Amino acid sequence: MNDDEPGLSDLEESIVAPVVGTDDRAYEAALRPRTLEEVVGQDRVREQLALVLDAATARGSVPDHVLLSGPPGLGKTTLAMIIANQLSAPLRITSGPAIQHAGDLAAILSGVMEGDVVFIDEIHRMSRPAEELLYMAMEDFRVDVIVGKGPGATAIPLEIPPFTVVGATTRAGLLPSPLRDRFGFTAQLDYYEPQHLQQIVTRSAGLLALDLTVDGAAEIAGRSRGTPRIANRLLRRVRDYAEVRTGGVLDLAAARTALELYEVDDLGLDRLDLAVLRALCASFGGGPVGVSTLAVAVGEERETVEEIAEPYLVRLGFLARTPRGRVATPAAWRHLGLTPPAGAEVQLSFGDDVPGAQS
Ligand SMILES: Nc1ncnc2c1ncn2[C@@H]1O[C@H](COP(=O)(O)OP(=O)(O)OP(=O)(O)O)[C@@H](O)[C@H]1O
Ligand SMILES: [Mg+2]
């Protein structure tokens, strides 16, 4: 995992964290859709991808390189596996952090066979020299293998057969544009609608042979923050509860009680999210307040507040990052059962998303 990214241990502990946790892995393999038809939601991406793959198959050529971009847990790895599956092609899996030297990538690419799919997860974390090698391989199907060291080193060009790179990134903005430009197709994954999440947990319940009712599924979906990975994780917590307390029926009451027990509220806010909102409204009158001050008030690192709690609060329209600091919106006050002060609307006119705004 990405040890260098702040607050990750907190992320993994949290039940509503979008990133993969240790107990997700075993389940995810079983719950992953294996074909495009099984993928729920993301209709546009699914149609576009189907077209790219079908056209290549019809032409008897390899498809364009594909970049999958979007927040954690929305299905990038799933789609990469499906691409290889639909092409009946072997999938070679690697990741940006694993490719620190151009030679690491050269070693992988020099073993590629015609039509292989090379999946590079977290592609934005590759080293610069490796990126440069990748451009060339993607465009010209050629890599320069460096033989020897220092001034005597020579580059031996090596042809590689046509293949397809599937890159995945949570931070498309960090990809240098020459690399981005070499992908013929970019799929931008977006957060899921509640009805799609409901379909996803219903499907997962079927695969796990669970007795999940329609309203139970809707309840879990509503608390899943638009993210299939979270939906599947909440489903497992509700299952635990149901097995022990309700004889195995995952209905609305079981879902509600279980998720309240795990401190996931009806919008999917957890303890940290609520602590941030409460501090902002109750201790700082709704702001503006600097993020560092806010972090101290909830007893967390600034990074934890900024990267774990805030993105979803901003997405919900509960918190605004203004040049003068963080501000609670009237919706946030109301979610806490508080009355927004007069003028809460006015404060928002400072702007709504200024990353790195005053702290
Ligand atoms: N469209 C979907 N339909 C059904 N299940 C899905 C869908 N998308 C994702 N999932 C489920 O969510 C889980 C997480 O998806 P996946 O691992 O593909 O996310 P990711 O985008 O690769 O995340 P990360 O950025 O952390 O690598 C999968 O195991 C799968 O069960
Ligand atoms: Mg992934």
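Glycine is no exception: its Cβ is also placed from the backbone N, Cα and C atoms.
Note that the coordinates shown come from a computational prediction; the quantities given were computed from them, not determined experimentally.
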Can you find which of Arg225, Arg229, Arg233, Arg236 TrEMBL lists as binding ATP at the same site as Leu31, Arg32, Gly73, Lys76, Thr77, Thr78, Glu139, Asp140, Phe141, Arg182, Tyr192?
Arg229
What mean pLDDT does the predicted model reach across the domain 'AAA+ ATPase' (62-193)?
93
Round to the nearest Å and give the CA-to-CA distance linking Arg302 (DNA binding site) with Glu139 (ATP binding site).
42
